[in-house]
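A.B. asks: As annotated by Swiss-Prot, active site, schiff-base intermediate with substrate applies to Ser25. Residues or ranges marked as pyruvic acid (Ser) by Swiss-Prot: Ser25. Annotated substrate binding site per Swiss-Prot: Thr57, Gly73, Gly74, Ala75, in sequence order, evidence recorded as sequence analysis. Annotation source Swiss-Prot lists active site, proton donor at Tyr58.
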Amino acid sequence: MHLSLLKTKIHRATVTHSELNYEGSIAIDDNLLAATGIREFEQVHIWDVTNGARFSTYAIRAEAGSGVVSLNGGAARHVQVGDIIIIAAFASMTEQEADSFKPKLVYVDGNNQISHTNDTIPTQAA
């Protein structure tokens, strides 16, 4: 059996651009792509913390160090500049692979620069 597990996420990125007439995708600062292991053209899920929208698209590169997180094409209709989003990618793996797998969790500041990374999420308490 194969399981779909969270491979990586960029937590609480700020949308810097929204380009309706650009070819569809999400442009992400290349430093963030490198830190997460998200590949260009890989499917990503976008969860808008600000408005609750959830959708998928694919990643393309933005200039390294720029802090750019730009939603393009139809995806631009789901967000506004300034929205806080989570960008996630999943991977399919066997149960044995899942037993030792650790996701790459990348946390960013208000300028979409890496503040810290982790491979676990704290247990949520009641």
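Positions of Cβ are set from backbone N, Cα and C atoms, glycine also.
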A.B. asks: Could you measure the widest C-alpha to C-alpha distance across Thr57, Gly73, Gly74, Ala75, the residues recorded as binding substrate, and give it to a whole number of angstrom?
C.D. replies: 10
A.B. asks: If you take the centroid of the Cβ atoms of Thr57, Gly73, Gly74, Ala75, the listed substrate site, which other residues of that chain have their Cβ within 8 Å of it?
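C.D. replies: The answer, listed by sequence position, is Gly24, Ser25, Ile26, Phe55, Leu71, Asn72, Ala76, Arg77, His78.
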A.B. asks: Between the residue listed as 'active site, proton donor' and Gly73 (substrate binding site), how far is it from one CA atom to the other, in Å?
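C.D. replies: That separation, Cα to Cα, works out to 11 Å.
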A.B. asks: Which one, from the binding-site residues Gly73, Gly74, has the smallest tally of other C-beta atoms lying within 10 Å of its C-beta?
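C.D. replies: Each of the binding-site residues Gly73, Gly74 was scored; lowest Cβ tally within 10 Å is Gly74.
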